[in-house]
Amino acid sequence: MRVAIIDYGSGNLRSATKAFERAAREAGISAEIDLTDRPERVATADRVVLPGVGAYADCRRGLDAVEGMTDALREAVELGGRPFLGICVGMQLMSSRGLEKTVTDGLNWIAGDVTLMTPADPDLKIPQIGWNTLTLKREHPLFSGIPTGDGGLHAYFVHSYHLQAENPDDVVATVEYGGPMTAFVARGNKAGAQFHPEKSQSLGLALITNFLRWKP
Amino acid sequence: MTLKARVIPCLDVKDGRVVKGVSFVNLVDAGDPVESAKAYDAAGADELCFLDITASSDNRDTIFDVVARTAEHCFMPLTVGGGVRSVADIRKLLLAGADKVSINSAAVKDPDFVAEAADKFGNQCIVVSIDSKKVSGEGEADRWEIFTHGGRQATGIDAVAFAEKMVERGAGELLLTSMDRDGQKGGYDIALTRTIADRVPVPVIASGGVGNLDHLVEGIRDGHATAVLAASIFHFGTYTVGEAKRYMAEHGIAMRLD
């Protein structure tokens, strides 16, 4: 199995690559983790990961700047039905639109806009930086065996914006930050984490392992 | 349930090796940063901070190797600062495996650099590190001034006004170090931390002066910081990160203990 992690100049690519390698190794899964900026490698990958750090518009621009990359993504994920995981802004790009700084079109896989979080408690800081627990809204194979809820494992967040999904079924998990904010979305073979699995220690490694085994 | 307070061990790194200064002098070489990072990762540190204090430009690239090797072994958030002066420096650190970079002197010299960096990499990735000393006298209203060059050079810039300006330019987080407290083990400058934390919408990390675990509690509870940074109490084994987090939890602070 070959897992393509898309290199489009955004994101903590080394951390993501190393985390996927470690998860595969510890679970005894034979997987080549292929950090690549070549569309043909993405189009033919068995699984695709889109990381992303920074502003929505910058990330979209970066992705579009790699000629053929969005087409390759659509080929692998929309036509090929291969499992996809977006991370942080990579997850946000699954939305219809991002409203950070300017209005930017997303990949339109999860209907909804990415908007600035407005916590009900004015003392809460933006960005949300740090560890928080998750509230599971529905069962999903990527959360198999992962304790969630108040006494559950923590995920590491660094974000000011979140994806407000139009269809509540698309939201798999929320995070409480002065109200429920979107933490994890999924539809069909496409999943996305607002938090950083590659930085979230035991929760993150378990989720990555589940992704490597996922048969949507 | 709720966002947890963070405990952040900081490693001062010079020429690729760990050092810790007492008030930024009398450096003691105490090991390999990657080994320390692995130990802190295993101990449950919520984040790790590397501060590169390499003076010689010949050895400036050593930090990239340290960051890259750390990222291979540790799956914890990593902030790297020291000598960050250009967008190219930031990109190199992020590609090596850093999650956030902290900007210090370059922000004082050119506040627009912070705006440029935040535009390029997102506010969440840009920490502005503010070193200040209390300059008000007995009986005067509290006033703190920014110092650069390891605390040796006064700038005349008011720390609170500077903090607000940095947030306007796009800093996603502030790392506040009290240079008169640093290495003294008497606790954070709580008035400084609280004054700025209450004034800005972004998270504040308290730094400088931790001598015991009560100081960490005070940083969050009284200083209104969302994270506490410490170096020597962890590095010299006075307390473990786990002890610190359990102690803070026992004192009513929401902590991640998994």
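Yeah, the Cβs are placed from backbone N, Cα and C, and that goes for glycine too.
The domain 'Glutamine amidotransferase' annotation in TrEMBL covers A:14-211. Sequence annotations record features per position, and here TrEMBL assigns active site, nucleophile to A:CYS88. Taken from TrEMBL, the feature active site covers A:HIS196, A:GLU198.
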What's the CA to CA span in angstrom from A:HIS196 (active site) over to the residue listed as 'active site, nucleophile'?
6
Would you count the other CB atoms within 10 A of the CB of the residue listed as 'active site, nucleophile', including those on all shown protein chains?
30
DSSP three-state call for A:HIS196 (active site): helix, strand or coil?
coil
Measuring Cα to Cα, how many Å separate A:CYS88 (active site, nucleophile) from A:GLU198 (active site)?
11
Count, for each of the active-site residues A:HIS196, A:GLU198, the other C-beta atoms lying within 10 angstroms of its own C-beta, and report the residue with the smallest count.
A:HIS196
